[in-house]
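Encoded as structure tokens, the structure appears first; notes follow it.
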Amino acid sequence: MVLSPSTSVSSDDEMEGRVVSYLNDYDVLNGRGNDINNLAGNISFQRLIAGNKDRYKECKESEKKNISKDIVDAVRGNGGRFLKYDKSNKIYVDIGNKEARAKTSQAFRDALRKEKKESVKPVGNHSGFSFQINPAA
């Protein structure tokens, strides 16, 4: 899924720090591990990253910021929020658009790093000195 440029759903400060009383299927939760990765909102977010990865990879730095903004706006436009768990208060809070864009940019970098790593696979010799380079990289 390729996104087209859109207008911002909300300002950077408008969402930040809002306490969330319930989670919905469009929410993207910060964290690691299968529990977080298998949530519907996080799966949708990763699909948006995968669908726009090539566009992100090929564009200039200034355009990368716009792509990350478009992803954040798409999630928020569907009713999703970018949330982190506050352990001390046992609540979820919205991280705001600035941190959500940073999270999105990091997700793109992680996806590109994973793609690059998968394009260079060890062959036969497990010593780590013999590699096959796949032409797709």
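Every residue gets a Cβ built from N, Cα and C, even glycine.
Those TrEMBL annotations? Automatic predictions, nothing curated.
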Which range of 3-29, 30-56, 111-137 is region 'Disordered', per TrEMBL: 111-137
Mean per-residue pLDDT computed across the domain 'DUF6824' (27-110): 96
